[in-house]
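Q: So Swiss-Prot has the following annotated:
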REPEAT    90-129  repeat 'WD 1'
REPEAT    132-174  repeat 'WD 2'
REPEAT    175-214  repeat 'WD 3'
REPEAT    217-256  repeat 'WD 4'
REPEAT    259-298  repeat 'WD 5'
REPEAT    301-340  repeat 'WD 6'
REPEAT    343-384  repeat 'WD 7'
REPEAT    386-415  repeat 'WD 8'
């Protein structure tokens, strides 16, 4: 084994080792999820050296410099105010979803007008209109981190794969017998998973355009999908009050997470895939041990349905958004509520962390989006201007641009 080079991963903090083994180029990651501005770097370097044979004494200084760079990035204080940069009257009919590519250089909008549009973030110009679906385009996603492909899921029961660069349609995936309402790429960008009102999830092979798997077992529609970081597990959240954990590529159901008393609204893995967070209409969020499928905590406090849940990029914080107009931040390890985000005058349907984990953005039916400090719960800014409820919001990877999507048929870029 011979170490070729180091790659730095800022969020969540880590060092990727590129090495040669038997003539093949391979990579492995050293996760530094606990790294903070006060961490003793020499101690960390020592621990890495003990655990990782590729890091020899001659590399010590290099590794130390990399960790110092990561530390500097984590410690950067960001007091930026966001300003409205562009209002895009994206579609004639209502929007369904908005999503960024990883760098944030472009984003996509889905709509009831049966199209998905690709936009240049810097100029606000439309790059492509992806046409071909025969009904509402509901679920949309880039294959991040690559960002060269887009998947669209439609009420016409099909999923389509497109080139982000040219707008060309590569494949139309047919097989679902009802509307597709969620979809996700696996991290390797070799598979797309789709969830449908027909109670099944399907996996599609990006290369061949063929169906790879059907995951059956839920008793109601599947409305949430999440791959783990390595891509060998997929979770499906359903209106049947349960979440299933599937092994990929075998398609075997490993666990069914039973305990919620209402429909599931969202289900997510944390970064190291040790935990699964589930949000439900039963007003609670639950944390589950992903290895044994046992519930390890029920996060209570909301007075109404929990509509969204998300982890920060390291997996140390869990944030929930509720129909009660508040959001909450919990510690994933202590399971204690760290902050209550209060100020919205309507339900919060979407909540996102920036990659750095020091900001949260929320989307609400009160026509505003708000920016928060997740550690103090302080509202730092109210993004006003939409004239109808906001159902979608997203940060780009750098955290310096936000997009919001509203029922007023506009998409706003804030930077």
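Please read every residue number as a count from 1 along the shown chain.
Including glycine, each Cβ sits where the backbone N, Cα and C put it.
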Q: Could you name the stretch, out of 217-256, 259-298, 301-340, 386-415, with the greatest number of CB pairs under 8 A to the repeat 'WD 1' (90-129)?
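A: Out of the listed stretches, 386-415 contacts the repeat 'WD 1' (90-129) most.
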Q: Hey, which bits of the same chain come close to the repeat 'WD 6' (301-340), Cβ under 8 Å, at least six residues off its ends?
A: 11-13, 33-34, 262, 265-272, 274-275, 277-285, 287, 346-353, 355-357, 360, 362, 364, 366, 372-377
Q: For a three-state summary based on DSSP, what are the helix, strand and coil counts in the repeat 'WD 4' (217-256)?
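A: Within the repeat 'WD 4' (217-256) the tally stands at 0 helix, 21 strand, 19 coil.
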Q: Short question: which residues 6 or more past the ends of the repeat 'WD 8' (386-415) have a Cβ under 8 Å from it?
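A: Tertiary neighbours of the repeat 'WD 8' (386-415) are 11, 78, 80, 82-95, 97-100, 102-104, 107, 109, 119, 121, 124, 346, 349-350, 352-356, 359, 361-369, 371.
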Q: For the repeat 'WD 2' (132-174), what's the model's average pLDDT?
A: 98
Q: Determine how many residues of the repeat 'WD 7' (343-384) DSSP places in helix, in strand and in coil.
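A: Residue counts in helix, strand and coil order: 0 helix, 20 strand, 22 coil.
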